[in-house]
Structure formats: C-alpha cells, structure tokens
Amino acid sequence: MRQTSVARLYEDQGPRLQLTHVSGPLDAVLSVAEERMWPADLVGHLNLIHPTRLQVLGAAELEWARRQSREKVAHHLNGILSARPPAIIVADGCETPNIVHGVCTAHNVALFSTPHPSASVIDQLRLYLSRQLAEKISLHGVFMDVLGIGVFITGNSGAGKSELALELISRGHGLVADDIVEFSRTAPTVLEGRCPELLKDFIEVRGLGILNIRTIFGETACRRKMRLRLVCHLERRQPGQDDPNRLPVQQEQQVILGVSTPRVTLPVAAGRNLAVLLEAAVRSTILQLRGVDSTQEFIDRQSRMLMGDGDGL
C-alpha cells in the first residue's frame, strides 16, 4: 500500500498553497490500495459520492450552503465527515463557516484554509499526490539524458554500461542515475526516472572507482529526473549464440510498471563505438515519435520496386 500523511502534505504543499491549519489532527493517512485507483482520485471538490477524498470547499460550495437550511447543511457535512476524509480545505479566500469548523472538530478531521482558487488547489494537490503515491520500482542500470531523451541502459555486469555512460557524458549528454534507477509511474503512460539520494552525481567505473560527475564535468552534466523514452540493452555475444536480427520489422518493447517502452539491443564487441550507435538509436526514436519510421520507409520502397514502380522512388 502506498501512502502519505496529511502532516507530510501540509509540510510539502503548505507554503506553496498558503495553507493555514485551522483545527484538527494531522495524522490522517492518504493511501492507494488498489492498482486501478490513481492517487489523483484522492482529492476533489466537496462530494457526497466520494466522501473519503480530501474535500475542497470553494466559493460555489459555500454559496450553495448559504441558500440551504442549517439542518440540511449539517446533515450533509456529517454524512461526509463520518466517512473520515483526510482533511477539509476551505479555498477561494473564503471565511470558514462556524458550522464547518464545528463539524470538523466533532469528527476530529483536520481543517485548513487557503486564499488560492479551489480549482488551483485541487490541480496542485492532484499533481503532488500523483508523484508522491506513484507506483515505484528500482532497477539496475544507468539512466541518461541523450539529446533530451531519457535512455535506460541495461545489460549484464561487465557489459560496459558505466563506460558507455562516461563516454556519453564526455560528448555533452547528462547523467541521471548510475547502478540503481528509481522509476515512478506518474501518469498512465509516463515513467519518470531519478537517482536515489545516496548515489546522486556519482558513477562507478571499473579501474577508476567512484567519480563525482558534477564535480568533474560541471553542473550541466547531471540531471535530476527524466521521462523514460528508450531502453538500450547491451548484450555481449556468447559462443554459439545466434546473431541479432539485423532488420527487425516489429520494434522490441519492454514493459515497466505496465508501461511499454521501445527497446533496442546493441551487441557489445571490440571496436564497436557504442556511444555513436546509441546516439543513432536515440535520433531514430525521436523520428519515430514524430511518425517517421525508417524501416517501414525502406520496406515500402522495396515493395514499390518489386511491383515495377521503380520510377516513383
């Protein structure tokens, strides 16, 4: 179960949203127990159907409450707060009504106020929770920023991942993480990779030991995070192993946290410039993201030639 607390939310987002703690404990928990439930579902406008959400009251909700009888408003508020939502936030700079304060106190629910618009508060908290409570996984490899594309370099121990990363850094690309990469699924089709705090800025290269990339190459050689766009697997051929497919019609894919990501396999051999090959793979990926598929273009050209339409090349 992925979870965070109201206290942590208040600490992280309080200054940005100018949250004022009016009353109530901060020990309530926001948790995601089901994979099909996204963290962004944990916050929204005042809602009787989803009473367990973090509830945000804006000017529209308070205007509706003013037109109703006190008994009706109290009935609805008690119905919502009896489900123990993590907190109530009064937004739009509105003054907190006494009835809201009283019901929150009676049910021991945290109450906050903010001058920010309710829609802005919800958007900001949804973004925060989607990152804070995202599905996470740690994988072995090197994560790089190559030409603005997040590339995850994998391979067996001794395949040359760190050496390739060092070569790419010397060519002006950026390091995100070496050895262990933490991936988070921040949206249905988005994987974001970053480095554990302990390993940040460091890379380990056989024969050289541990190097501080930020100190050696400067601030621009390191990245805080990147979106994963390509997996590059380094494969050292074993005796008797078949040659890799030279003309793959279907692009290889790797699934991480349910998100499918393009993958290329680069055979490792003496004399092969893997940095150049990886840069070419990244440029090809950029073209594919724009709808340009070089392999399919070649197949189409060959088909036209076989059909006797060679003049149309």
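The backbone N, Cα and C atoms fix where each Cβ goes, and this holds for glycine too.
Among the features that Swiss-Prot reports, active site is placed at His140 (among others). Secondary structure at His140 (active site), taken from DSSP and collapsed to helix, strand or coil, is strand. Counting Cβ atoms from all protein chains shown, His140 (active site) has 12 others lying within 10 Å of its own Cβ.
According to DSSP, Ser162 (ATP binding site) is assigned to a helical segment. Cβ environment of Ser162 (ATP binding site): Val142, Asp178, Asp179, Ile203, Glu204, Val205, Arg206 lie under 8 Å away, each six or more residues apart in the same chain. The feature ATP binding site is assigned by Swiss-Prot to Gly155, Asn156, Ser157, Gly158, Ala159, Gly160, Lys161, Ser162.
The feature active site is assigned by Swiss-Prot to Lys161 (among others). Listed in sequence order, the residues of the same chain lying 6 or more apart from Lys161 (ATP binding site) and placing their CB within less than 8 Å of its CB are Gly141, Val142, Ile153, Thr154, Gly155, Leu234.
Look at Swiss-Prot and you will find Ser162, Glu204 tagged as Mg(2+) binding site, backed by sequence analysis. DSSP classifies Glu204 (Mg(2+) binding site) as strand under the three-state reduction.
Taken from Swiss-Prot, the feature active site, proton acceptor covers Asp179, and the record attributes it to sequence analysis.
Swiss-Prot lists Arg246 (among others) with the feature active site, giving sequence analysis as the kind of evidence.
Look at the region 'Important for the catalytic mechanism of dephosphorylation' (267-272): DSSP puts its residues at 0 helix, 2 strand, 4 coil. Positions annotated as region 'Important for the catalytic mechanism of dephosphorylation' by Swiss-Prot: 267-272.
Non-local contacts of Ala159 (ATP binding site) by the CB criterion (under 8 A, 6+ apart in sequence, same chain) comprise Leu234, Glu235, Arg236, Val268. In the predicted model, residues of the region 'Important for the catalytic mechanism of dephosphorylation' (267-272) average a pLDDT of 82. Across the structure, Gly158 (ATP binding site) and His140 (active site) are spaced 13 Å apart at their Cα atoms. Secondary structure from DSSP puts Gly155 (ATP binding site) in a beta strand.
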